[in-house]
Amino acid sequence: MSGAVADVRDVLGIDATALEPRQPPLKKQRTVEKRPDGITRELYALLGENAPPVAVVEHRFKDKPKFVGPVAPWREQRFRNPARADALELRHWVRQNPGQQQQQQPAPDDAMDTDAADAAVAPPADPPQLDYQFAKFNIKMTILQYTDAEYDAVLRDDDWSRAETDYLFKLIQEHDLRWVIIADRYEFPGGSKDRSMEDMKARYYSVCRNVMEMRTPVSMMSAEESQLYHAMHYNKEQEVERKRIVQMQLYRTPAEIEHEQHLIAELRRIHDSHQQLLEEREELFNRLDYPQSTGSIAAYQGSQGLATLATTIMNSDKNKKRKSIAAPSGQPEKDDVKPVATAASPTAPSRAGSIIEPARGGGHGHQRTESTASATGPTPLKDKNKSNIKQLSKAEETTYNVSHHDKLQPGVFFRTMKMNLPKANSFMTKSPAVMAELGIALNLTMPTAKTCGKYEQLAKEIAALMELRKQIEKVDQETRVFKAQEGMAESRAKRSASVLSDVSRSSKRPKKEK
Amino acid sequence: MEAISALVLDPGTNTTRCGFAGEDTPKTCVPTYYGIVPDPETPKYFGSLKIGENAVSSVIDGMEIRNPMNDGIGTSQLVHISWAGLENWEVTTEIWRHCIEYKLSSRVEEHPLLVTEPIWNPLKNRERTTEIVFEDFNVPAYFLVKSAVCESFANSKPSSLVIDVGHANTSVTPVVDGIPLRKGRIHLLQSRVSYRPFSHNLYTGSERTPLAGLHLTTQLRHQFSEMGIRMTPWLMLKSKTTYTDLTNPPQLRLRDYGFQPHQSFIEYQQDRFIHEFKESMSETWAEPRSFPADINNPGDMLRPMAEKSYEFPDGYQRRFMLDRCVATESLFNPSLSPKPFTGDTPKGIAEMIKDSVDHLDADIRANMLSNIVVVGATSLLYRFNERLSQDLVAMFPGPRVKLQSSGQTPERKYSAWLGGSILASCGAFHQLWISKQEYDEIGSNIIERRAK
Ligand SMILES: Nc1ncnc2c1ncn2[C@@H]1O[C@H](COP(=O)(O)OP(=O)(O)O)[C@@H](O)[C@H]1O
Ligand SMILES: [Mg+2]
C-alpha cells in the first residue's frame, strides 16, 4: 500500500519529504489532549465546544507502568540499629543500585554472623549495614540532673525524701515528662504517701527552679533562662482548683447544661443590645458635639486679620449655600454640620444658628436659604439685573410684603402644606401633647410666612427636646443595668458557690453506690 | 514502613491469629480451643493433642475440648474445665508452633516475633512467655505488646479509650501516647465473681468483665434450653426434618459414631451454631426506651422489632422477636441475664467505661471520651455500637462522646493483630526488640524492664 502511494508520488513528481510535516495528525492530537478521560471520542465530538457539565470518571485499571532501564534488584540485607545498645542484627530488604549488583554474589565466609540460625539462611556475608535511617528517631528528653551538694543545699524538703525525689526524676526521664503516665506508674516502694499528679509536678518544678537559681542567680540569668525559670512557676493550689472545676464541668447534669446554654444565650443578647446601645450613644454624642474651635483668635485681632476672616466667612458661606441648594431640602442639618466641623472656624456658631433660623424674607420653606443669603451675602445675579428698576429697602420690602424667589412652584397651595416639620414618628405622636402644654393650636390660624417660620422652629426644638429626653432615659437605664450587674455578680458568686457544692455532692453520689 | 519479616501473634481466648508484619490481615486464625485424646503413649500432655480447626472438629472417641487460657496467656484458669499446672503452657506453645510452623510454613527461629498480651497479664505469665519464645522457639528477637495499645494504633490513634469486646473478656483500657494506664491495679484474683471460673477484677484505670462473647454464648444456651430446644449440633445428626411444633418434635436421627463423644466436644459444637445465631439473629436493643423487663408484654414500642426466623440444626424453626435482644441486653444490663449470676453481678459495659473514665486525670477525660475505640468481634453484634453510644451519652451529657469503630469486619476482629502488624513494620520500633543476646544476659526478667 505504502509502496503504491510512493509510486504515485513518484509519478506525480511530488517530493515525499515535502509532504512529511502533515497537519492532520497535529490537529487530532489537539482534540485528544482536550478530551477529558473517560469520554469516548464520539461522545466528545457531539459535545462540540462546550465542556461537559460534570466530570465523567471511568473506573478502570491503572496503566501498566513503563519501566525504564533494568529492574533494580532488591536484596535482603542485615543491618544494625545504632539506637540499640546490643548488636542485634535484623534483616530488611534494600533496593540495590545497578552498580552494586556485581558485588552481591554470595561469599562463603561468614565470620561476622553471630547467630547460627542466621548463618544458615543468610548467604551474603558482606558486613551489616551500620547506619539505620530510623535510628534518628530515638530521641530522649534531657531532664535536669542535680548533684548531691545541690540537693543538700537547696532541695531538702520535709515531705519528699531524697530517694523519692530520685525515683520521681527517674520516672520523669523514663516517660519524657508525660505527666499522666508518670502519675499512673508512680509506685514508690516504701512510700507511705499517696502522691497526686499535682504533688509530683510541684516537687519537680520547685526542684528545677531551686537548682536553676542556685546555678545562676535570677538577676544573672540570660533572657532564655529567666523565661524558663519563670515558666517553671507552678501554683499547686490553683492547679488543684482548676482540675476540680474541669471535673465539675464534665459531670454536669442535662438540666445544668440547659441552664447554662440559656444563660449563654441571655448573655449574648445583653452583649448585643449593649453594643447597640453604645453605638446609639456615640451617634448622639456626635450629634451633640459642638464643633470646637481649636485655633487661637490672635490671628484675627489686627484689621488685616479681620479682613481675611471676613473673606473666609463669605467663601464658606458661599460653599454652604451651594451645598444646601444641591442637597435635598428635607435634611439640611446633616449636610451642614460636617463641613463646619472640618472648617472648625469661629464662624461655625453663627452658621449653626442659621440652620434653625427661619427664612426671613422668603415666604416658602425651601427658598429660605436663598433669601437669607440675599440679605447677608453679595447681591445675587438676578438682583443685579433688576437693580435699575428700584431698590427697595428692607423695611419697605416687609411693608409691601415683597419676597424674592428663585423659582415659584406653579399652581395654588397652602403655605401650611409646605411647612418643613420633623418627620419622625415619635414627633407626630407626641408633639400634640407638648403643643397643648404650651397652649398653641395644632393648626395655625393665621399661617403667614412669619408664623409658619416660627412654627417650624418650634417644631424642630420640640423634636430636639424629645430626642434629648430619650437619650437621657437610655443613659439612665444603662446606669441602672450596670448597678444591677454589680449586684448580680455578687449574688452569682454566692450562688455558684452553692451550685459547686451541689455538683460535688452529686458527683460523689455514684461513688457511694459502688 | 520497614519490613523485617517479623511475625505477629495475637493469642485471643477464642482464636489465635498469626501472620507477617506489614500485612493487613493475619495469614492464619486457629482456634485456641484444642482437643485432647487420652493416650498412654504420649504421657507429656496426658494424651495426644489435637490442634487446629479440622482437628478440633473431628469426632474422636474420648476427645475432650479445652482452652489453655483465660486470664492472659496460659494461666491455670480454664474455660470449660479446671486444669492445673504447667501443661497448658506446653499446649500454648504447641498452638503457637502449629500457627507458625504448620499454617505459615515458616521457621520460627528465623523471624522476630511480636506477641500481644492483655493488659492484666501478670508478670509470671510474661516471664514464662519470654522463656518459651527464646528457649523453645529460639527467635532472634521478640517483643510483648499490650493488645489495647495495638488496637488503638490499628484505629490510628495514639491516645484513646479502647473497649475490646472479645470472647472471654470485655476490657476497657485508657491508652495515652501508646502507653496503657494501669494506676491502682488490684490483682484480679483478689476479688472474684463466682460465675464460671472468671474473675471480675477491680482495676481502677482499666476495667474488664466477663461480659463478652462467651457470656453471650452461655446466656443463649440457657435461653434455648429454657425454651425446650434440643441443641443437637450438626455433626451429630444424620438428617433433619423441619418442624415448628416444639411439643411434638419428630424423632432425632443421629449419626452413629459407635461411641458417645465427650460432653465438652458436644458443647463446643453447640457453640458453633450459637455463634451463627449471634451473627445472624442477635440484636442489641438500641431504642430510646429502656428494654422491657417482660418481653412477652413489651407495651407499646416506638419501632416494632422485626421478626426473624431461625432453623436450629435439628430442623426446628422458630420465629424470634424481642427474645433476640435478651442475651445481648445482659451485656449492658447484667441483672437482666436469663441465667443469673451466682455471685456478685458484674457491671454492665457502659458502667465499666464510666468507672474507668472516673479514674482518669480530669484533664484527659474529655479527650478520652471523644476518642473511644470499640474493637473485638462481639462488638459486631447488630446495633451494638449504637447502644453503647446511647448509654454513654446518657452517662456523660456534657462532654462530647464519640465512638470510633471500623466498619470493616476483619479490622474489628483482628484489630489487635493489625496494630501489632503496624508496630512491627515500623522502622522506629526496631530498637525496642528484645534480642536473644539481651535475654541471655539478663534472663526472663528482661521483659519487665523492657516492655512495661
Ligand atoms: N458477627 C459477630 N456477631 C456477634 N458475635 C461475634 C461475631 N463474630 C464473632 N463473634 C463472637 O466474638 C467472639 C470472639 O471475639 P474475639 O475478639 O475474636 O475474641 P478473642 O480476641 O478473645 O479471641 C466469639 O465469642 C464469637 O462468637
Ligand atoms: Mg482479642
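Including glycine, each Cβ sits where the backbone N, Cα and C put it.
In TrEMBL, the annotation region 'Disordered' applies to A:97-125, one of the ranges A:10-38, A:97-125, A:271-299. Per TrEMBL, the listed range annotated as coiled coil is A:455-485 (candidates: A:145-175, A:176-206, A:455-485).
Summed and averaged per residue, pLDDT over the domain 'Myb-like' (A:152-208) gives 87. The list of residues near the coiled coil (A:455-485) in space but at least 6 beyond its ends in sequence, with Cβ under 8 angstroms from a Cβ of it, reads 277, 280-281, 284, 356-358, 365, 419-422, 424, 426-427, 430-431, 434-435, 438, 440, 444, 447.
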